[in-house]
Amino acid sequence: MIEILTSKSSRELDKISIDKWGIPSILLMENAVFSLLRHFKNLDDILIICGPGNNGGDGLALARHLLNLNKKVRVFIAADASGKTSDFNTNFKLLECLKVEITLLSEDKNLSDFRKSINECKVLVDCIFGTGLNRNIDGIYLKLINEINNSKAYKISIDIPSGLCSDTGVPLGEAIISDKTITFQSIKKGFINYEALEYIGELIVENIGIPNEIEKEVSESIWMLEEKDVKNLIPKRKRHYHKGKFGRVCVVAGSNRYSGAAYLSTQAAVKAGAGLVYLYTDKMLKPSLDSKLTEAMVGDYESEEFKEIIDKSDVIVFGPGLGNTVETLNKLKLILENFKGKLLIDADGINVLENNLSLLHKCKCKVVMTPHPGEMSRITGKSIRYINENRIELVKKFSKEYNVVLLLKGLYTVISDGNGVCVNPTGNSAMASGGMGDTLSGIIGALMGQGLDVFQATKLGAYLHGYIGEKLSKTMYIVNASNIVENLPLFLKEFVSKDE
C-alpha cells in the first residue's frame, strides 16, 4: 500500500530522513530526479520552469540529467537565483557549468520570451512550487501559471501541480492544470479530493529511497490500495472443498418497484463465489426472480422461513431496492437484534437508519455499510459538499463511533474500520450507471461468506469491482452493472492467475 500523507507528515518524513538518519538532502533530490528520467525517455523539446525552493532544485537537477541524455532543454527560473535553498544553489551552479541558457523571470523581465517559448516547446515541466505552499498565488507566479495553463504543451508537474494545496486539493487562487503529476514517496492527502483531479491528470508515485522504517514513524494509517495488497486476499479453492466451505449468503432485497436491485446483488454473490445464495424478496417478485436466478434460492421475506434463514446464514446483504419504509426498518431491527454473522447494509438499509443510528450500538453482528455521498448525508446530517471535502476524516470517525466498516462510494472510494483508512484507486466513469452499488454489495457479501473478515472483504470487493470495470471499459464505452456480474468469474481467474 502507498502512504497518503498530509503536508505536515511529508515535512516530518524529510526531516527524519535528513536529520535523524543522516541521508543528505541533495541525495534525496538526486534520487527523485533519477526516478523521473524514465518518464522522459520518449520526450524531447522540453521547457522546465523552476521556482525558488527545492521543487525548483528538482527542476534544475532534472535539466542537467536530460541534457546528459542529449535532450533539447530550456530552463526558466521565476525570480532571482540568489538566496535560494542550499540544494537549489548547488544544482544551479552545476547547471551553469554546463553552459546552459538559464532565463530569469520577473514581473517586467523576459515574460514575452517565456510566453513565446511555452508555445513552441512540446513538453512543459512544472517545478515552481512543492507541497509547502501555504499562501495564495499572486504576482509573477499568478501570471506564469495563467500563461502555462493557456499553453498547448504537454504539462508534467513534479511532486504537485504548482498552486494546489497538498492537504485540501483546492487551488490557492490558481493552479497549474497538468496532464501528468509525478509525486514522490507518498500520495498527498489533497490528491484524493475531487476538486484536485482536474489539476493532477495522470498520477504517478515514485520511490526515492526513503526506508520503510521512516515511513512508519510518520504514518497516519491512510493508504492507497495496490494490486499486490488485495491479490492474496482472494480465497483459495482447494480441490476437496465443497459448497459448504464457501459460505451461506442471504440477500434481503427488492420491492415491487425495484426488482433489478435484488437480481443484481444476488447474481453478483453467485458469480463472486458464494457457496449457497438465498434471496428473500417481495412475494410479488418471487416468481419472476425465481425463474431468472437459477443458481440461487428465492424466498419471501414476509414468510416464517425468513426468520429461520437469519440463524442459518453466515452473511446477510440487506437493503438493495427494499424501499425507504417502516417495513424495511423493522426487518433491519430484526436482523440487528438476532443475527450473529456478518451483515452488509446498503441502499435503503442505510436510508432507514436516518435518526436510528443507535441501533448499530446494540447489534450482535459485524457490520459493513456502503453508502454513496447522498446516503451518507442523510444519516449524518452533513451536506454532500462537506462530505466530499472531508471524506477521509468523516469515514474514519463514523467507523470508529459505530464500530462498523464503512465504505463511502465514489472515485477513490474510502474504506475504514475505525483504525486505518484505505483508498481504492480502481474504477472510472464508464461505470457511472444504475445498479453498480447493488453489484458491489453482492461481491462483498460473497467474499465475506468465503471467510474473509469484514475489512478484508470490503477492500477486496471494492478493488475487484473497479478493476473489472476498468478492464471492460477498454473495449466498451459504457460498462453496466450486468456486465460486471457476467464477467466476474473470468476476471477473478485472470486476477488471481497473474504472475503465476
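Placement of Cβ uses the backbone N, Cα and C atoms for every residue, glycine included.
For the AMP site, TrEMBL lists Lys409, Gly410, Leu411, Tyr412, Thr413; matching the candidates Gly381, Gly435, Gly437, Gly442 against that entry yields Gly437. Record note: TrEMBL gives Asn55, Ser162 as K(+)-binding, and the candidate from Asp19, Asp87, Asp126 in that site is Asp126. A C-beta separation below 8 Å, combined with a sequence spacing of at least six in one chain, links Thr131 ((6S)-NADPHX binding site) to Ser7, Ser10, Arg11, Asp159, Ile160, Ser166, Lys188. The binding-site residues recorded for this entry are Asn55, Gly57, Asn134, Tyr141, Gly321, and the Cα of Gly321 lies nearest to that of Lys409 (AMP binding site). The shortest Cα-Cα distance between Gly321 ((6S)-NADPHX binding site) and any of the binding-site residues Asn55, Ser162, Thr413, Gly437 is the one to Gly437. Taking each of the binding-site residues Asn54, Asn55, Asn134, Ser162, Thr413 in turn and counting other Cβ atoms within 10 Å of its Cβ gives the largest count for Ser162. When the binding-site residues Ser162, Leu411, Thr413 are screened for a C-alpha within 10 angstroms of the C-alpha of Tyr141 ((6S)-NADPHX binding site), the residues that qualify, in sequence order, are Ser162. Fewest other C-beta atoms within 10 Å: among the binding-site residues Gly57, Gly321, Gly410, that description fits Gly410.
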